[in-house]
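Here the structure comes first, spelled out in structure tokens, and everything after it is commentary.
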Amino acid sequence: MPTVASPLPLTTVGSENSSSIYDYDYLDDMTILVCRKDEVLSFGRVFLPVVYSLIFVLGLAGNLLLLVVLLHSAPRRRTMELYLLNLAVSNLLFVVTMPFWAISVAWHWVFGSFLCKVISTLYSINFYCGIFFITCMSLDKYLEIVHAQPLHRPKAQFRNLLLIVMVWITSLAISVPEMVFVQIHQTLDGVWHCYADFGGHATIWKLYLRFQLNLLGFLLPLLAMIFFYSRIGCVLVRLRPPGQGRALRMAAALVIVFFMLWFPYNLTLFLHSLLDLHVFGNCEISHRLDYTLQVTESLAFSHCCFTPVLYAFCSHRFRRYLKAFLSVMLRWHQAPGTPSSNHSESSRVTAQEDVVSMNDLGERQSEDSLNKGEMGNT
């Protein structure tokens, strides 16, 4: 099974081969015999497939719409659009793995060894990519607003493209354990499961991967977002540009939503690590953490459904893209043979109008920052 945070196919209680962080057993045989998790397993077989299916449907619809609208209606690839495109692709690849895990949890792994590795690796890469691209978007706004860096220059565009490539490469490197250790395993009753088998080093690997997720997947991105948006807020308060209040509310909302979606899950993982280290715990605590992990994991996975709303649909400019796209589709549906070049051209012109929003506030705010900076130097 995937080793990062992916849904664990519900194995028999006390399976010592399972090295996913979503384990239902303790590390020593004596405790395994005492702490039965049959109720937890039964709950997961019903709850998780339903949640994974909802995430698949909502995430697929939202991110596919985001991707199509950006590709069709965006007049030129601004920096934010590039990040949104990559975020949409990452989210789509992430939600594509959900049906596989839903079937695996409800029944068992039926897709063979090759897909076991592919789906696990695909899950892990895009799990981190989604978080990293959100962080990059906050960095992009920070550079554009606080440091008034014009992002349309070739040097800035090259830097952003390099950063996008680095995000994919870094996520791929983090997912190496999925490629190496994940494989299918057959239980005594002939049921197949897909998970990582670290052999005698399972405990060390599980703890390492959990702490890695806590650090790279939550703590560092959260601190970066707090720093970037705090500095953005200070600049907006000082310069008082048009749309300041809405921009500040959006900045605060982005940080709060990220925290609310990811903190419960990462806290539960951290407590599970302490449980495995025997810092505290008994069977009752183990049961509660198992239930909590299933719920908080589902909440965290829903990030791929919320990000299109937060980072795109709250933008006036994107809503204009969407309106132009829907107008073209409606016109094509009503009269498939009617030329729509004039309409498309006018839609693109309309989409290029300058509007203040969280996703494009930098373009207006950086100009105000530069103008006021020049006035201060005179």
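Backbone N, Cα and C define each Cβ position, glycine as well.
Among the candidates C35, C136, C194, the disulfide partner that Swiss-Prot records for C116 is C194. Relative to the membrane, V46 and Y321 occupy opposite sides according to Swiss-Prot. When you go through N17, N266 in Swiss-Prot, the residue listed as N-linked glycosylation site is N17. When the stretches 118-139, 162-182, 293-313 are ranked by Cβ pairs under 8 Å to the transmembrane segment (50-70), first place goes to 293-313. All protein chains considered, the CB of C116 (disulfide bond) has 25 other CB atoms within 10 Å. The stretch from 92-112, 118-139, 217-237, 293-313 with the most CB pairs below 8 A to the transmembrane segment (250-270) is 293-313. DSSP gives C194 (disulfide bond) a strand state.
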